[in-house]
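Shown next, in structure tokens, is the structure this report addresses.
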Amino acid sequence: MKKIGILGFQGAIIEHERQIKAIGHEPVIVKYPEQLEEIDGIILPGGESTTMGKILNRTGLMEPLRGKIQSGLPVWGTCAGMILLAKELVNDSVTHLGVMDIAVRRNAYGSQIDSFATKKVIPAVDSKEIELVFIRAPYITSVKDGVKILCELDGHIVAAEEKNMLVTSFHPELTDNTAFLKYFVSKI
Ligand code: GLN
């Protein structure tokens, strides 16, 4: 059984917690730097990246979390979590953890009412179709060498990985499908 952290300040925390339990692992809601020592991987949930970035700084978790990721802690950023991990935000002057070699456009599909769901096979993850839920989602506009693209939708990159880092524009935790979570756990 793996201990899987979920950054616990804001956003879709209980949804990830539910899926982690459903596949037999132990969720840990992470709010303090000490907790980084007890987990095998961490999920940065969807929510609001500006708010999460501010709280990460205010609580002193930003630096230790960045250090852990840089030294190999497996991390999966969903939606706002993708924004937190990106080295470049094409429509924002601030970056947050800034560890993954991707450039990301925030709110790339428009505002809340432009949220949508679709289905797609992501071969690296599962041979069956996965429901992809986009909520005020970002997408990746470019990647550097070393980043593997896992899924594109209408010509935009919506899932990718680089070393110990995995990102998705969409929210698998809002569906009953645990294939993406299992894929993340397989990398731990
Ligand atoms: N638009 C949000 C942001 O910029 C992300 C939306 C989400 O995580 N569902 O932080």
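Backbone N, Cα and C define each Cβ position, glycine as well.
L-glutamine is bound by Gly47, Glu48, Ser49, Ile135, Arg136 in TrEMBL, and the record lists one more residue there from Arg58, Arg66, Arg106, which is Arg106. In this structure, Glu48 (L-glutamine binding site) belongs to neither helix nor strand by DSSP; it is coil. The separation of Cys79 (active site, nucleophile) from Ser49 (L-glutamine binding site), Cα to Cα, is 9 Å.
Largest Cα-Cα distance over the residues recorded as binding L-glutamine, namely Gly47, Glu48, Ser49, Arg106, Ile135, Arg136, equals 13 Å. When the CA atoms are compared, the binding-site residues lying within 10 A of His171 (active site, charge relay system) are Ile135, out of the candidates Glu48, Ile135, Arg136.
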